[in-house]
């Protein structure tokens, strides 16, 4: 197979073009070291009539890529893992802004990981493979785009680190973009400390990323342009607006449109615009309802952007830098370990915290790790339809919910001092009018504190927006749902007073210039400081109920005593757990016993276990080797019989000893036996 080699940004990529999956619109094999990804693009020739971009991106990991067979009962890849969904979103969010606004042809981009060396970055590789396949497909005039990852080790930035280096880093910054600008960012701090990154250093990292992307995109265009397909779709599929209808909206219905724009709730706003469309449809039969709705949307969007750019005022009358009013309440749910209700304007998040044991940690299989990994800090985000006034069913977790929960988790995880602690935070979005993921971060940080979890500092989040018109632009702090929908950028930034712990940037434009991003970072810092001040005031009012919180007691016994705590078929440990209502983790090799639950119950459980083991030792001390006893059959098992001994305790008469003497026993029988050995706290018997 013939490969084209491209060296750039600390990596050597190889591409085999149009040699596999040749019935797709375009396809290639991407190779980086021992990592191989099949990228394909398929396009339908009939456009859809709906006003949206019908793009689907699927990133799929195959277990055989790492020489594995899938775990579990079914030995076949099933539903997508979280990493696959998050990577699919990552690629989609990068490529979607590049398509022409009037592109309506169903397009599917599929990335299949066929082989993987754990030292290589799968997300950078997958995005670059997708970008190359899309550029080669030439389905529309789409720019070349690429990705890079920036790490920071010993205060030095590193471009495209391998996995080993990234594990040593205090920064994980994923950036994608074109030669001219950036169009997608994912960032989180790493390490045992908080490791928040200051804004000037973040700018340096983004500048380094932009330089890397420019180099790679330039090479991609030079190498791949001769291999592009013929341009498929040249003509515009855009909506042609009726000027008479636009004039009608501006002259006769403008006041009603402004009323709709100024409505704070999504449902209320939709009702206003639906009523306007209905009035026009009844009064002017020459216009179709679809035509009216499109024109109404255009007038609305144009006016919102004019208000922000020219008048420096927002639809809800806030100044550009103004954050909505914040209200924080705590300890609403008496049975949870913590609960925080965070309300910012018409966005409301209820975050509930629960502490657990190692057995409660989420286990994941991954190509990146040889063994299943444990996720000890979990953040789950739920967006029920009632939070936006909709009446629809609640189904499985959506890609968006998974992505928002992951962002909140990344914002908070380095703020936790004890990384071994098992914590689950759940954000229930009760109202949503923009920035619900950042409300979840704020509530989540306070919920950690209220759960008695030791944190380095509180973390707050704010969503920044931008509206641009020609050379003019305006940066918005704490964007509403309407500003998110009609604006050009959604830039979520979380951190403390010192710097940034996580951020995520998406845009509807082909890219955002660095100077605009830096302006947004500085304006976000001001908003974050304002929010943190309110959060610190709320923190002072939180009363942590330590008597209600679970406590953990860890102690050690002789490793051979662990089997005694477990008991035959787990009988003993089940009885202990049910009796004291605690959770117990046992480590056989080390003899460690970890008990978690109510403090009083934990201490009683520890006392019970130690007394139980001591009583077993005392029972053994009552007997001697070769001592002859009169014992009673307690229960029959496959490998022999357990006998109740006269001075307490029980011993095992193995099946081979019974067979040798041709003895058949049943429960309740009395039998003479002899002590032959003590093995790991067990008494072995033979027939006397």
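Indices start at 1 and increase along the chain as displayed.
Cβ atoms are placed via backbone N, Cα and C, with glycine included.
Listed features, source TrEMBL:
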type	residues	note
BINDING	484, 490	Mg(2+) binding site
DOMAIN	626-688	domain 'S1 motif'
Stretch-averaged pLDDT - the domain 'S1 motif' (626-688): 82
Residues in the domain 'S1 motif' (626-688) grouped by DSSP into helix, strand and remaining coil: 6 helix, 36 strand, 21 coil
For residue 484 (Mg(2+) binding site), the three-state class that DSSP assigns: helix
DSSP three-state assignment for residue 490 (Mg(2+) binding site): strand
